[in-house]
Amino acid sequence: MQKKQTLNYVIVKTDEISFPFGYSEVLILEQDSIELLETTKFKFKNEDRLVIVYAEDVYTEEVKFLQRGLYIKPLDAKEVMYQGEKALILTFKALHFFDIQNFSYEMNQDEIMSANFLVDGNAKGTVGYEMVLSGHINNVEDVKENLMNEFRQDQNKMNFFSIFETLVNNSNSFGISTNNQAGTAMLFKQNYGAKDEVKPYDIEEIKALIDSKITQDNDPSEFLLNNFESLMTYFGFLDLNKFPHKWHLYNSFDYGNFTRLINEVGNFIQTALKLEENITSEISKKLNNQQKEFMLREKRKVIDDELAKLGKDTLQDDKDEYVKKLKNKTLKKMYPDSIKEIIRDETKRYSEMMQASPEANLVKNYVEYLKKLPWRKVSKDRLDIKYAREVLEKYHYGIKEVKERILEHLGVLINAQTYNKNYKNEVVSIDENYEIDLNLFKDKPSEKTVFNNVPILALVGPPGTGKTTLAKAISEALNKKYVKISLGGVKDESEIRGHRRTYVGAMPGKIVKGVAKAGVSNAVFLLDEIDKMASDHKGDPASAMLEVLDPEQNAQFQDHYLEQEYDLSKIIFIATANYFQNIPEALIDRVEVIELDPYTLNEKVQIAQKHLIPKVINEVYLDEKLFNIPEETLRFIINRYTREAGVRGLKRILDKIARKIVIKRVLEPDLKSFDISLNNLEELLGVAPYKTDEDKHDEIPGIATGLAYSTHGGSDLEIEVNVFKSEKGGIQLTGSLKDVMKESAQIALTYVRSNAKYFGIHSFDFDKHTIHIHVPEGATPKDGPSAGVTFTTAIISALTRLPVPNNYAMTGEITLQGKVLPIGGLKEKSFAAYWKKIKYVFIPHANIDNLQKIPDEIKREITYIPVKRYDEIFQILFRDQKPENTITFN
């Protein structure tokens, strides 16, 4: 039977869906719905009815409604505050589904929200304009009776209630929500206040409230009906987030197949209960194991304490390598007593901790690292000066000063073993390769009886001059382990000293890591690119290196991770740098600085023939006959295809030639030999990029050749000057010049202007002309005062229109009074003049002593003209006077 009615409706969010015949409550946020319920003054008659329409979002202008709503009997409505806004909590009993699609017309927002006059007022209050909804409602009592008959015939439903009761009792684990929305948590609350805030109920309170409402609303004797309504109420409490199947139950709810619905929920509950049982069992087992572990550890602690009183130590595992070493009379001397005590204490501390504790893992890692370090273990030196000299000569040509220093150190070691009476008492042999040096890790420096005078070197020179490979050769010559530590870009002090163990992911610094990697405390350490360390807010790593490189301090090096001193006094540290000026002064004061010269042409030829060519042949698996290169061709390659201080570029050129020959051999299997000559060189390498005879500039006014020095070695510097009229006059500088070089140009101009008559500049108006000074290769930054005399010469040449001979170059700082001050990098600048085939070089008189460090091969090709004042240069270049003093080498 169907009855047409005019009904009020309220809009509720879709995540608060409920089921027919159950009790529930919802939070009403939509303002029109609130105004509707306020007209009832929250007092409902028994025959009052409403419709709940579900919407995805009640705040948007175009509300999208679900096709299925609920026909309800309102029980109570109270005002609450929700997120600072007024809201209503509506308590109701759901009577039936309300299918919007069965209405006599299609439901849409415009029609529903339009005002319809309430003719059948089914709620108390003033008759007026309210939201209404028209449709057909099935006879609720008939549907309920049919469902109850189905329940009476199926006794299995009673078993379902016991299952569902278990689910309710475990609501925290399975999908029953006690605060699904703020309103749901306030289910059946009796005392509301206008300012009440929403509070969640626990599941026992909800069960009690549901039972009380069912008892009030139904005949208590109807036990089956009570259970049925309680079941449908529980359905409404299923949390959509934990039980997404609730949405399917709501949409597919079919009165004709209610048994299927119950079975689906029952299956879910049984699966959830089984899963919960398994999880609970695993947790219980884990907790039992932890409790068992705790009890055993406590017992072990008491036993260990008692054994300790008897002088017995049971904290160590016999399978531990460290324990085996302690039982060995020789190996136990490897560890200082203080370290053994720390390991023992930390091991005991670890044994008393729960292994699941985060701190336990930190303590374990710390102890393992202490055991891993070599401490007093060192490798035996090969005390053979002849062998060491052969190895050093094998890998490097030249570099006499470094080789001599290493041989001196080897001589000291031999002398110590021969004449020091205490030496044998301080060293315990392990095997033919390793020994224990008891002179390490002395508690007091005064206790030391053997001093090895271990060198700490700093090799400074251009790239490609063999600094890095030299350290490898030294380690092989002395039979020591080799460790490379790259310092380029390091800007955090903790990378050197390590991190404190309080930090997450703490680890030792690069130095201690290197010692652990080497496995001995007397390795050769290469500190590569020490001049490229940086500093920031995290500290200055160069300051940390002071302790490493100071022979007076490195016996007590402090690493933050170890929190113990480590003796680095037996380690040979070899630092490398490209530019002397970039090394902190404090570090320079602590090391022996050995400058490596750029290689001369003859040295490059020797290096190529003895080292590079054999290496290239081996790398590409060629026969020597297929890589036949005469010395003439090799010299041509060095002069015309490379321009460098070292030999890295030469190595790449030779690699390229070798690959070309390999291709020829693959294409011509019968090829037995191949000669690399000047005739086929262009075919193999292309056009030569450098043409030394044609590199000199044309002799035109305004150009002078200077000499410069950078991290890559020496280079020539052609300075150009041009003059043009302007209103303000002055000087214009281009070519990426830095401050010192700009000041040098300003000084040169001031000096020329103040001595204009002496230089033959009579009619030039400095105030109406701009002097533009340019230094080519503008992309390369340039700095330094040594171009002062070159600036002066170029300015005078431009203003007098007298050219400077292109076989002259110069270097020197100039003052406002014309004095020529000393400069640095004379050796590198001489190399640049040599490559440029410049015959005469002006140098400051104070730099004469530096000529001794320049290789004879270079000096023989250059005539040096030392000067004290600039006018000496002027007289030679512009007045054709012969120099009073020249220095030549035959």
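Keep in mind that glycine also has a Cβ here, set from the backbone N, Cα and C atoms.
Here's what Swiss-Prot has on this protein:
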type	residues	note
ACT_SITE	Ser786	active site
ACT_SITE	Lys829	active site
BINDING	Gly461, Pro462, Pro463, Gly464, Thr465, Gly466, Lys467, Thr468	ATP binding site
DOMAIN	698-880	domain 'Lon proteolytic'
Lys467 (ATP binding site): tally of other CB atoms within 10 A of its CB: 27
Alpha-carbon distance [Ser786 (active site); Gly461 (ATP binding site)] in Å: 20
Beyond the site residues Gly461, Pro462, Pro463, Gly464, Thr465, Gly466, Lys467, Thr468: chain residues whose C-beta lies within 8 Å of the centroid, for ATP: Leu459, Thr576, Asn578, Leu596, Ala645, Gly646
Local confidence of the domain 'Lon proteolytic' (698-880) - pLDDT mean: 91
Cα-to-Cα gap, Lys467 (ATP binding site) vs Ser786 (active site), nearest whole Å: 27
Recorded positions (Gly461, Gly464, Lys829), the one with most neighbouring Cβ atoms at 10 Å: Lys829
For Ser786 (active site), the one of Pro462, Pro463, Thr465, Thr468, Lys829 that lies nearest, given that the recorded positions are compared by Cα: Lys829
Alpha-carbon spacing, Thr465 (ATP binding site) to Lys829 (active site), which is rounded to whole Å: 16
Which of Pro462, Pro463, Gly466, the listed binding-site residues, has fewest other Cβ atoms within 10 Å: Pro463
Candidates Thr468, Ser786: member of the recorded positions with the richest Cβ shell (10 Å): Ser786
Number of Cβ atoms other than its own within 10 Å, given for Thr465 (ATP binding site): 28
Gly464 (ATP binding site) to Lys829 (active site) - Cα separation in whole Å: 17
Between Lys829 (active site) and Thr468 (ATP binding site): CA-CA distance (Å): 24
Whole-number Å value for how far Lys829 (active site) lies from Gly466 (ATP binding site) (Cα to Cα): 20
